[in-house]
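Pasting a structure here, questions to come.
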Amino acid sequence: MISNSQLDLGISFVGSGSATPQKIIKNDQLGQRVDTNDEWIQTRTGIGQRRVIGENESLIDLATDAAVNAVKMADWDVQTIDLIILATSTPEDLFGSAPKIQSNLGASNAVAFDLTAACSGFLFALVTASQYLASGSMKRALVIGADQLSKWVDWDDRKTCVLFGDGAGAVALESSGDESGLIGYDLKSDGSKGGCLNLSQSNVFLDLVQGANHQKGEYLPIKMEGKEVYKFAVKEVPIILGEILEKCQIKSESIDWLLLHQANQRILDAVASRFSIPSEKVLSNLKYYGNTSAATIPLMLDEAVRDKRIKSGDLIACSGFGAGLSWGAALFYWHGPY
């Protein structure tokens with residue numbers, strides 16, 4: 001566990017960006033492949049469609065576009081970016097995709113690396129970047145969440161194929177000294193329950209030389225115990241958010257927006273109900289994108305900023321949760337130009 005009480009970290013959220021693939025797959029289209037339909041999916045998940053990366057697109061393209069949009073909103077010169085963290089579980093290059101984004105941006109002065117924490121990845125990356133900025137060693141950081149789970153979905157598994165989509169989102173963080181954006185956070189993991197949701201390596205071994213073999217480099221499709229993940233989320237997310245609010249001495253009625261990982265509308269509604277947060281303060285775009293893993297939070301944040309729902313000075317309670325099992329939460333003020 002890593003956490004803080006209310007601290008003036010002097011870190012501002014000054015820009016956001018997002019990007020999604022062009023190809024849309026609607027619920028009824030999935031019903032042509034597996035035994036499901038639009039009503040069944042929407043009733044149980046809130047998802048109406050999802051977007052998937054096609055032949056002329058890539059995860060790095062989406063992540064770069066999201067980063068460019070965040071940099072433009074922040075009005076930064078790319079040469080002043082010190083750090084780029086890409087939160088992803090589906091890199092195009094297992095040795096690291098963030099440096100390719102750095103190159104695409106022309107941010108030659110930035111350190112760039114990947115971070116993996118599944119659907120909690122964006123929050124883990126956010127806290128990691130904030131630590132660098134709070135130390136004084138860096139001033140500006142891009143935090144990107146991007147995933148392409150469509151390539152790891154078993155499209156004949158009704159339990160999982162209806163849930164996931166592809167996308168990217170980014171935020172620009174700045175060490176401001178006197179204006180605190182991030183005021184509280186907490187991160188947690190429980191590996192004992194990791195089997196509830198995983199994308200594991202295959203257990204296939206091939207002969208190498210006499211007396212020795214090697215494991216084949218391939219992964220199995222996503223496996224999920226939906227009921228267990230739901231119970232985990234509706235139990236742990238309210239606890240971790242409640243602890244942060246208590247530490248920061250902020251009442252739930254002071255929250256302007258509840259921004260949760262976009263996994264299932266029932267989870268969003270259950271958490272909001274625990275804090276008596278009205279539905280109009282709960283941010284959701286599940287209907288249009290489904291679960292885009294590490295991208296859901298920054299993608300939703302950017303949409304709400306650009307359509308003027310989120311305004312400068314708004315207080316946002318945020319939580320991510322997913323495979324690992326891992327979960328986290330953050331409380332921050334938005335200080336962007338919109």
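Along the chain as shown, the residues are counted starting at 1.
Any Cβ shown, glycine's included, is placed from N, Cα and C.
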Between 252-256, 262-266, 307-311, I'd like to know which one Swiss-Prot lists as region 'ACP-binding'.
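Range annotated as region 'ACP-binding' by Swiss-Prot: 262-266.
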Relative to the Cβ of Cys119 (active site), which residues of the same chain, six or more apart in sequence, are found under 8 Å away?
His261, Ala263, Asn291, Ser293, Ala294, Thr296, Gly320, Phe321, Gly322, Ala323, Ser326
State the mean pLDDT for the region 'ACP-binding' (262-266).
95
Let's check the environment of Asn291 (active site): how many other CB atoms sit within 10 Å of its CB?
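Around Asn291 (active site), other Cβ atoms within 10 Å: 24.
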